[in-house]
Amino acid sequence: MPRPMPHRPVPLWGAFVLVHVIIVSLALYGPGNSLGDIAVVYRGWANGLRDGMIMGITTPFVYPVLAMVPIAAASLAGDALYVYTWFALVTVVDAVAFFVLVRGRRARRVSAAWWWLGFQLLLGPIALARIDAITVAMAIIGLLWLGSRPFWGTTLLVLATWVKVWPAAVLAALVVLSPKGWRMLLLASGISVAIVGLALALGSGANVLSFITAQTSRGIQIESPVGGVWMWLTALQVPGSSLYYDRDILTFQVRGHGVVAASRVMTPLMAAMVAIVVLLGARARRAGAAFATVFPPLVLALTVTLLVFNKVGSPQFISWLAGAVILGLVWHGSAWHTPALLAIGMAALTQLVYPYLYAWLIVADPALVLVLTVRNLLEIVLLGWAVRELWSYDRRSESSPALERVSPLD
């Protein structure tokens, strides 16, 4: 990877502003339709509050209930400015995460900051135009705080999980690897019980947990790795295979022989693979590996497992990689250049597919199906890298003085 620019704050923050201006401009004025979720879905949910409809409380919700906090906050400046307020909100949250990352301006943190900006720019509008952007920034702060503020770092990760589920992968790694994991589990459980209790007090009933069944009952989305099978069958015009738009969940999905069976098995398969990855991390820890050696690759492996074995596969899911890669770059430096470059490649291919050439993908154009296939194969390669790190960790790296400063959880 190229040598980072000098550690002066002005170039860093100037680049931060420039990258966010470019991404927001592309979202607002560029080709494709990257604003659909914000302008229609999120704004609709926010407007429902006026009529007493609270997603996750009065009606089932596809996301955990705290997702309504940023969705509602973006409506504070009025309905007409909802999209602009959303981008302002996400930019502020990103700025807080960026400040935590570059504070002290150590070389590895600066390198990680430049990587994150490049990753966001290559991922494009989807990096800011979905609820995932909020959770990514929260996860980055939480991960960076685990060393110096484990209570607040864990708390932030739990809250992020109640906005969108994926940070639970980070919590799982933390509970399994840290000697204080039981304390983290108690903290996570306590916060979760408080959130559920508040929702129940507001009259949610089972709606507070509706996000669980909402995901398991979905079909196979066209961007998912498993969906690639039927994407190619459709692209090659094999009878019985096609794509369709599901108006209930507002996504394009695949149709064909074996789709229903595959859809049913993917969620249990993902759970099984998560369990296997967790066991690999626990094995390395029991063999004597330091927390700081095992934690970053375990977080990465669990995050990528949620991508590879997910039947949804929305383009914004790639943004989840940022937290694990930033943690690896900060704690291990150049040893994490390979996953950093793989993530950059996935981001670029994702932006090419969505939003710019998505119209070609939804008709299964072979060229776009090939691009998507390469992106999904890179996910598998990245998972292989992380699993290899867990299986054969390098004890020599544990003698690094830098690691002694980042692993007080031991």
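Each Cβ is built from the backbone N, Cα and C atoms, and glycine gets one as well.
The transmembrane segment annotation in TrEMBL covers 12-32 (among others).
Summarising the annotation, TrEMBL assigns transmembrane segment to 53-77 (among others).
Positions annotated as transmembrane segment by TrEMBL: 83-102 (among others).
Outside the transmembrane segment (114-145), and at least 6 residues removed from its termini, the chain residues within Cβ reach (under 8 Å) are 1, 4-5, 12, 15-16, 19-20, 22-24, 26-27, 30, 32, 34-35, 37-38, 42, 63, 67, 70-71, 86-87, 89-91, 93-94, 96-98, 100-101, 152-157, 159-160, 163-164, 166-167, 170, 299, 314-327, 329-330, 340, 343-344, 347-348, 350-351, 354-355. Annotation comment: TrEMBL describes 114-145 (among others) as transmembrane segment.
What TrEMBL records for 151-177 (among others) is transmembrane segment. A Cβ distance under 8 Å defines the sequence-distant neighbours of the transmembrane segment (151-177), meaning residues of its chain 6+ beyond its ends; these are 63-67, 69-70, 131-132, 134-135, 138-139, 141-145, 184-185, 187-188, 191-192, 195, 211, 215, 274, 278, 281-282, 285, 291, 294-295, 298-299, 302-303, 305-306, 317, 320, 323-324, 409.
As annotated by TrEMBL, transmembrane segment applies to 184-203 (among others).
What TrEMBL records for 265-282 (among others) is transmembrane segment.
Look at TrEMBL and you will find 289-309 (among others) tagged as transmembrane segment.
The transmembrane segment annotation in TrEMBL covers 315-333 (among others).
Within the same chain, residues 1, 30-34, 115, 118-120, 122-127, 222-223, 315, 318, 321-322, 325, 328-329, 367-369, 371-372, 374-375, 378-379, 381-382, 385 sit at least 6 positions outside the transmembrane segment (340-361) and bring their C-beta atoms closer than 8 Å to a C-beta of that stretch. Among the features that TrEMBL reports, transmembrane segment is placed at 340-361 (among others).
What TrEMBL records for 367-387 (among others) is transmembrane segment.
Away from its own ends, the transmembrane segment (367-387) comes close to residues 223-225, 228, 231-232, 235, 277, 280, 297-298, 300-301, 304-305, 307-308, 313, 321, 338-339, 342-343, 345-346, 349-350, 352-353, 357, 360-361 of its chain (Cβ-Cβ under 8 Å, at least six residues beyond either end). Among the listed stretches 83-102, 184-203, 289-309, 315-333, the one sharing the most Cβ pairs under 8 Å with the transmembrane segment (12-32) is 83-102.
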